[in-house]
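Feature list (source: TrEMBL):
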- B:629, B:635, B:669, B:673: [4Fe-4S] cluster binding site (BINDING)
- B:673: siroheme binding site (BINDING)
- B:5-283: domain 'FAD/NAD(P)-binding' (DOMAIN)
- B:318-382: domain 'NADH-rubredoxin oxidoreductase C-terminal' (DOMAIN)
- B:415-463: domain 'BFD-like [2Fe-2S]-binding' (DOMAIN)
- B:548-609: domain 'Nitrite/Sulfite reductase ferredoxin-like' (DOMAIN)
- B:620-759: domain 'Nitrite/sulphite reductase 4Fe-4S' (DOMAIN)
Ligand SMILES: Cc1cc2nc3c(=O)[nH]c(=O)nc-3n(C[C@H](O)[C@H](O)[C@H](O)COP(=O)(O)OP(=O)(O)OC[C@H]3O[C@@H](n4cnc5c(N)ncnc54)[C@H](O)[C@@H]3O)c2cc1C
Ligand code: SF4
Ligand code: FES
């Protein structure tokens, strides 16, 4: 597993997402209110556009989520599962914060 | 074989008959020929007075194009029938034609009664029945001059209200010792008199007219007691008389007090001839209301089509009116004429309300009642007529809300008397069709679709059937949007975290976050991308542009009122060319530039802002455009400067966040080239000022805006729009357009008018201040981003590769411009998404 640096944590305010390219793969990296980090695929499986990072972060029944800005389907940030349509799922990537505050994502 | 039905009179009831026949006549058994003496097809005479508020004749019209298109219907307007030959079965008209019939229905209505006083033919004397009458009254009315209405009944008070609105000093002269003697009792009449006097009318009861005086025009009126009233205009409203002139010609019998005498089937002695509506004396009795007329029409249609026996069931003469903004209702045996009847009266002089119940001699059965000043209890009480009281009478008379509930109503009680719908009909529909709201009940049962007085009861019945209409915003907030708005306003909350911590649960979602963002923005809490607010915004607000289907954005600069200089026009073309954008002129008088990538947005804005453009907010739930026509500078029909007004309004309300996008229009004359009535608020110029319409929209359920106020000067117009918009922003639900909001308001347009125009809640000044704060604090959001490196840093394709193009974005060419290319992933079929333009 190779970790790739994405950005400084300050670039990623709480409850916000940023798009990143990890070895040519579009990834959306999120930080939730409790400073947990999540990384899922940036491409919305329903429309094929790279927009997931621009969605609204929140929770559904306690599960951390992001809602696609395109047609508003909600995805779990932990599992990538679409909570509105069981047939869709986003890929999930390992993500961590280095001691110097840089956010890293790995491709499995 | 097709037979011919002739209908004489195209008024409200005649029209209902034609409709009823055409709707049910599956085999085209009847060809219908309708003769109407008036120059126009049937219109809503009940709403006649609103014509003076600016409603047009078309607004009042009851017929659509379908009637003209229907090959089975022939409308002959401006054609009075003068003869009926029953032996030959023909009618003849004033212009000499003769038409044969197989069935004939008389629906000639009634004419206003003008008492035979000297001087009644002088210029300046009018009656109040047709659109032409109102045109004449309007033309003759002078502001500040004295006007007298003769007759203080239902129609008289309506006419008085009309004169008052035309700015006249209005007197009402009534022969009886009180106003509305037919509907209201002594005590109720007194309260009504006081309320009406408070409105600035002068009431003379127990007064007889001696003469009407003047040389060629009316100057004064002499009363029997010697009083002389100045009068420049007189309206007779002293009752109506059935128009039964044709009885003689046709050899038909009349009722004792006039009208074509008919049996309970509305049939005259000739089995091929019926009479319906105000001209019919059903078993000797004439009805001056439209609901009984409608049920006569339905009955005759049934007979003609052999669908039922079509008897006229007799009429409920209950009335609930809002005269001059005063509630008046009477129902059942309002005057206590039943032998042994008892009365219970509750009068509150301080509040200006009066209520009386008429009970059977054992005080157990409700026989009727009168309500003045507050008719809230009407919808519960009227259906209880003839039944045992569910609660002690005192309790029933308490101000609305605290009295009985719908549970007290027996299942077969009529809840909607206009459309004859019982409580049972409604509850069955609710459970069987799983209805969840009032519009559903209306559509399914027709209840509530006419006078609307039963709508509060429909709501109660929904509740009784266990329909909980939750107003919770989402799983995170139990409050509705308007409740949250008030919480934020009252507590001065400035962030989402604070609000959800104190008043909600969890961390929010894509429903509550944008709502809170919008509330914070409406209250003027900084740039939409400041701090935490950025993460609350829907993508459009977060990137200040409209997300399009392939993940690119479109950019729409503001072009206030659609007016643009050639230089600015050139800049738009240059920017589009430089960034390779698709350009389209929108329906809202904007130029939309499509296909911008996130990372291009700041550079595009830089060019636009430098050229003097600002954000058009095409992305936000915010004021979008104020469309304008050419106006009187260039248009030969224009009567006001619609362009300047549109620009003024657009600049005033730009940036205003709202529960839904808001669009507006300003037309320079009644030709309405700006389609202002299809907008959330629309302004149409008249010779006397501006008419303000509200609550219209295109969209899924198109709706014409309705007149809120007429003949406004510039300042008053702006003031009323300030109040209207702020009231909407505060109280509407999430994503509720002004049209749906208006429909959901208790009391509808009348209530809105009370709040916005008459300031009944006393909040007008506060609403205006809130709007002024918005106006004063407006800054351009694009410029705000350009000036802030932190905000700019978010406009990247990839945070770790800012210049790498997004591989999912592809374009192909069509008609010389780009359009989104096929995307890598299959596109699932989706329901329509609302396209923001
Ligand atoms: C200002 C006003 C307010 C009212 N408010 C209410 C209210 O709140 N509630 C309520 O229930 N009712 C109200 N009414 C009464 C209601 O309008 C009437 O009950 C209803 O219009 C009667 O319908 P109709 O078809 O019988 O008569 P009309 O609507 O009067 O139609 C009769 C038509 O027949 C035409 N006609 C007559 N003779 C001939 C002929 N020989 N040949 C050809 N055409 C002919 C007339 O020109 C007329 O157009 C109000 C009336 C007015 C004027
Ligand atoms: S609405 Fe009237 S003023 Fe405006 S363009 Fe049309 S005709 Fe001219
Ligand atoms: S009672 Fe008039 S609409 Fe129901």
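Residue numbering: from 1, along the chain as shown.
Note that Cβ sites are derived from N, Cα and C of the backbone, with glycine treated the same way.
A map of TrEMBL features onto the structure.
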{"residue": "B:629", "record": "[4Fe-4S] cluster binding site", "DSSP class": "coil"}
{"residue": "B:635", "record": "[4Fe-4S] cluster binding site", "DSSP class": "coil"}
{"residue": "B:669", "record": "[4Fe-4S] cluster binding site", "DSSP class": "coil"}
(message) My understanding is the cutoff is Cβ-Cβ under 8 Å with a sequence separation of 6 or more in the same chain; which residues meet that for residue B:669 ([4Fe-4S] cluster binding site)?
(response) B:632, B:635, B:637, B:638, B:639, B:640, B:684, B:685, B:686
(request) Specify the count of other C-beta atoms within 10 Å of the C-beta of residue B:629 ([4Fe-4S] cluster binding site). (result) 27
(request) Specify all same-chain residues, apart from the site residues B:629, B:635, B:669, B:673, whose Cβ lies within 8 angstroms of the center of the Cβ atoms of the [4Fe-4S] cluster site, ordered by sequence. (result) B:630, B:631, B:637, B:638, B:642, B:667, B:668, B:671, B:672, B:674
(request) Would you mind listing, in sequence order, the residues at least six apart from residue B:673 ([4Fe-4S] cluster binding site) in the same chain with a Cβ closer than 8 Å to its Cβ? (result) B:629, B:630, B:635, B:667
(request) With DSSP as the yardstick, break the domain 'Nitrite/Sulfite reductase ferredoxin-like' (B:548-609) down into helix, strand and coil residue counts. (result) 29 helix, 14 strand, 19 coil
(request) Across all the protein chains here, work out how many other Cβ atoms are within 10 Å of the Cβ of residue B:635 ([4Fe-4S] cluster binding site). (result) 17
